Amino acid sequence: MAVEGGMKCVKFLLYVLLLAFCACAVGLIAVGVGAQLVLSQTIIQGATPGSLLPVVIIAVGAFLFLVAFVGCCGACKENYCLMITFAIFLSLIMLVEVAAAIAGYVFRDKVMLEFNKDFRQQMQNYRKDNRTTLALDKMQEDFKCCGAANYTDWESVPTVPRGQVPDSCCINVTKDCGATLQINNIYSEGCVEKIGGWLRSNVLVVAAAALGIAFVEVLGIVFACCLVKSIRSGYEVM
C-alpha cells in the first residue's frame, strides 16, 4: 500500500537525504584515501591508532554507501524490513563516527609522539634506503622544515657529515646547498611540529564536516522511522 499525504513529502525528503548520503560516502572514501597517502608519506608505521584511522574512514564511507542503497530500495518499494534495516545501520554508523571522533581526540598526542619517534628512526636510515631518503626529502621540501625538532637533529645521523644537512632543508634547493651549513639558507622549523600544526588545522575542518554528516544522518533516521510507522499502519489497515 503506497504512503499518502504528508508521508509522500517525507519519502521525497528521504530520497534527497539518500543522495546526500551517497555524496558523503564518496567524500569519506576520498578523505580516507587522501589521509592514507599523507600518512604513508610521513612514514608512520605499524598498526597504530593514527595509521588505522584512514582505514576506518574508508570502511565507514563504503558502509554508508551500502546503507544508502538499502535505504533507497526500501523507500522505493516501501518495504518495512528494508527501512528498519536502514535505520538500524544508519544508527550504527553514527555510533562508529562518534567513537572515531573520540578516539581521534584521545589519541591525538600519542599519534604525534609516535610520529616523532618514527621520524627520528627513519632519519637514521637516510641515504641507506632510497625510499626513506626520497620520503624524507619530499616531506622537508613540501612542509618547508628540517629535522625532527630542528636542523641540529641531522648531527646525530651517521650518513650525514657533521656541519651538513640534506639539500631538501635548503630554502632554495640546489645541488650540495646543504653541504655548507648556512642558517639563513635552511628551514628553521622541525618537521614534527610543522606537520603537527598542519594536522591540527585540518582536524577542525574534518570535525565540522563530521558534525554536518551526523546532522544529516539524524534526519535520515527520523524520516526512516516516520516512513516505517506509516508503512506499518498501512499493513495493519490491510
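Backbone N, Cα and C define each Cβ position, glycine as well.
The annotation disulfide bond is assigned in TrEMBL to CYS145-CYS177.
Annotation source TrEMBL lists transmembrane segment at 12-39 (among others).
TrEMBL lists 51-73 (among others) with the feature transmembrane segment.
The transmembrane segment feature in TrEMBL is assigned to 80-107 (among others).
According to TrEMBL, the feature transmembrane segment maps to 203-228 (among others). Long-range neighbours of the transmembrane segment (203-228) within the same chain, counting only residues 6 or more positions beyond its ends whose Cβ lies under 8 Å from a Cβ of the stretch, are 3, 7, 10-11, 13-14, 17-18, 20-21, 24, 27-28, 31, 71, 74-75, 78, 80, 83-84, 86-87, 90-91, 93-94, 97-98, 101, 104, 108.
Beyond the ends of the transmembrane segment (12-39), by six or more residues, the same chain brings 50-51, 53-62, 64-65, 67-68, 71-72, 75, 206, 209, 213, 216-217, 219-220, 223-224, 227 to within a C-beta distance below 8 angstroms of the stretch.
Under a cutoff of 8 A between CB atoms, and with a sequence separation of 6+ in the same chain, the neighbours of CYS145 (disulfide bond) are MET139, TYR187, GLU189, GLY190, CYS191, GLU193, LYS194, ILE195.
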